[in-house]
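Enquirer: Below is one structure. I have some questions about it.
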Amino acid sequence: MDKYAVIGNPVEHSLSPVIFQAFEKQTNHSFDYLKIKAPVNGFAAAVKKFHDKGGKGANITLPFKEEAYQLADKRSQEANEAHAASALQFREDGTIYAVNYDGLGLVQDLTRNHNITLTQKSILIVGAGGATRGILGPLLNAAPEKIVIVNRTPSKAHALAKIFHLRGEIQGGGFDELEPMRYDVIIHATSLGHQGKFPPLPDGLIGSQSCCYDLSYGKIASPFLQWAKDQGAKYNFDGLGMLVEHNAAVFYLWFGIYPDTNPVIEMLQAHL
């Protein structure tokens, strides 16, 4: 039986096995899907071992996305823009193909599942790390009016804006540089939720129709989404749908079939 996996450290929390099991039943495909906890300094060896044992593909989670990108022989445009891989495909010719579907998953969840329009909208992204870099390309493809990246270290936000400046209107800066305006979409992409915190955002960023979205899901997303509700945001979503949509795109890469994500999202929401 073909073998697939999610590789990370930690990996115990991953919902990907549950999601792929649901896709497996829905599409009548049979395969094994494993959780592989790779040593922090042993990612390449873990991938080789899995590949040598017949592995066909792997989802990649923290902290290995950049290393997975470097390990690949060929890469998608999104992976090249992100300098990170969210999934690998082990091809018949022995090569490794890297993709990054994080941004695709986000845009699909916002536009298809939540009916949020991104075209000609103002988008504020909080955080300038790897998570932000992974979503910028697909967000810019949606042709927003502008994207503003804000970060505790302004130079990181400026650097990301410079990398993508030819793709659309994009700015970067620190929290004290945020111009007083109401954004259509605010995306939280920092790891502060793991500590039960959220960034020092000022009041006045949220309008009556604003959408706030945390790339994390469950309890980790709660601090930011609670702030958004307190500020009067009409639409507040965590990143559970993004994860499912990401995995649906990976499933299509591996099997050539696009699964129905709605029942899987509903199933996970009922159990989380």
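Just so it is clear, glycine is given a Cβ too, placed from its N, Cα and C backbone atoms.
According to Swiss-Prot:
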- S14, L15, S16, T61, D102, Y217: shikimate binding site (BINDING)
- K65: active site, proton acceptor (ACT_SITE)
- G127, A128, G129, G130, A131, N151, R152, T153, P154, S155, K156, L215, G239: NADP(+) binding site (BINDING)
Enquirer: If you measure from the C-alpha of Y217 (shikimate binding site), which of the recorded positions K65, G127, R152, P154, G239 fall inside 10 Å?
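Expert: Checking Cα-Cα distances against Y217 (shikimate binding site), the recorded positions within 10 Å turn out to be G239.
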Enquirer: If we count other C-beta atoms within 10 Å, could you say which of the binding-site residues R152, K156 has the fewest?
Expert: R152
Enquirer: Out of S14, L15, S16, T61, which of these binding-site residues is nearest K156 (NADP(+) binding site) by C-alpha distance?
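Expert: Going through S14, L15, S16, T61 one by one, the closest to K156 (NADP(+) binding site) is T61.
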Enquirer: Tell me which of the binding-site residues S14, S16, D102 ends up closest to G239 (NADP(+) binding site) in space, Cα to Cα.
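Expert: The answer is D102.
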Enquirer: With the shikimate site defined by S14, L15, S16, T61, D102, Y217, which remaining residues of that chain have Cβ atoms positioned within 8 Å of the Cβ centroid?
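Expert: These residues sit around the shikimate site: V6, I19, N59, L243, H246, N247.
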Enquirer: Looking only at S16, T61, the binding-site residues on record, which one has the least crowded Cβ, with the fewest other Cβ atoms within 10 Å?
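Expert: Result for the binding-site residues S16, T61: minimum number of other Cβ atoms within 10 Å at T61.
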Enquirer: How many other Cβ atoms sit within 10 Å of the Cβ of S14 (shikimate binding site)?
Expert: 18
Enquirer: Could you round the CA separation between G127 (NADP(+) binding site) and L15 (shikimate binding site) to a whole angstrom and send it over?
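Expert: About 24 Å separates the two Cα atoms.
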